[in-house]
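The xanthine binding site annotation in Swiss-Prot covers 20, 27, 156 and is backed by sequence analysis. The 5-phospho-alpha-D-ribose 1-diphosphate binding site annotation in Swiss-Prot covers 128, 129, 130, 131, 132 and is backed by sequence analysis.
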């Protein structure tokens, strides 16, 4: 996605700890046209698989997942990182390490919104090591739903997340690929795949 690659090149900043700051694009401020294009691109990739749900993780995955679900015309469900008092009844849970949150996060999805009848596409903001996506895939598997594919806005190719997701046996689509980055200012971005 050329517009996204250009925007990351122009606005992306590398922070200590291997964190890519793109909060003016996808994590804090959202650009409507760019977000719409993300959804359209993911929908073209995954629409032929006939998903019934788009699933993501709060918070930064919500915008691209919602844009995708709007194009596909299917509901979007997001895993919560804290169980609210309104989440009554049984839930699927998983744990994952979050670099940006600085520790382990627990994920929650109500049984009410994910079932064995669902055909799921996961859309999220980043693919780094793949740990959080593997945790979410485990929740989907536990529900009996069929995981059809995963899409991530930005992939940090050097963290091997794609290889870690290979065991899932589903297509993985990314929109921008960070080939190399360092705190000295190096940021090499290519189109995703």
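Placement of Cβ uses the backbone N, Cα and C atoms for every residue, glycine included.
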Write down the Cα-Cα distance for residue 130 (5-phospho-alpha-D-ribose 1-diphosphate binding site) and residue 27 (xanthine binding site), rounded and given in Å.
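If we compare the Cα positions of residue 27 (xanthine binding site) and residue 130 (5-phospho-alpha-D-ribose 1-diphosphate binding site), the gap is 18 Å.
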Would you mind pulling the DSSP three-state label for residue 130 (5-phospho-alpha-D-ribose 1-diphosphate binding site)?
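DSSP assigns residue 130 (5-phospho-alpha-D-ribose 1-diphosphate binding site) to coil.
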Taking the center of the Cβ atoms of 128, 129, 130, 131, 132 at the recorded 5-phospho-alpha-D-ribose 1-diphosphate site, which other residues in this chain have a Cβ no more than 8 Å from that point?
96, 97, 127, 133, 134, 159, 161, 164
State the three-class DSSP label for residue 156 (xanthine binding site), counting H, G and I as helix, E and B as strand, and everything else as coil.
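DSSP assigns residue 156 (xanthine binding site) to strand.
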At the Cα level, what's the spacing in Å between residue 156 (xanthine binding site) and residue 128 (5-phospho-alpha-D-ribose 1-diphosphate binding site), rounded?
5
Determine, to the nearest whole angstrom, how far the Cα atom of residue 129 (5-phospho-alpha-D-ribose 1-diphosphate binding site) is from the Cα atom of residue 20 (xanthine binding site).
14
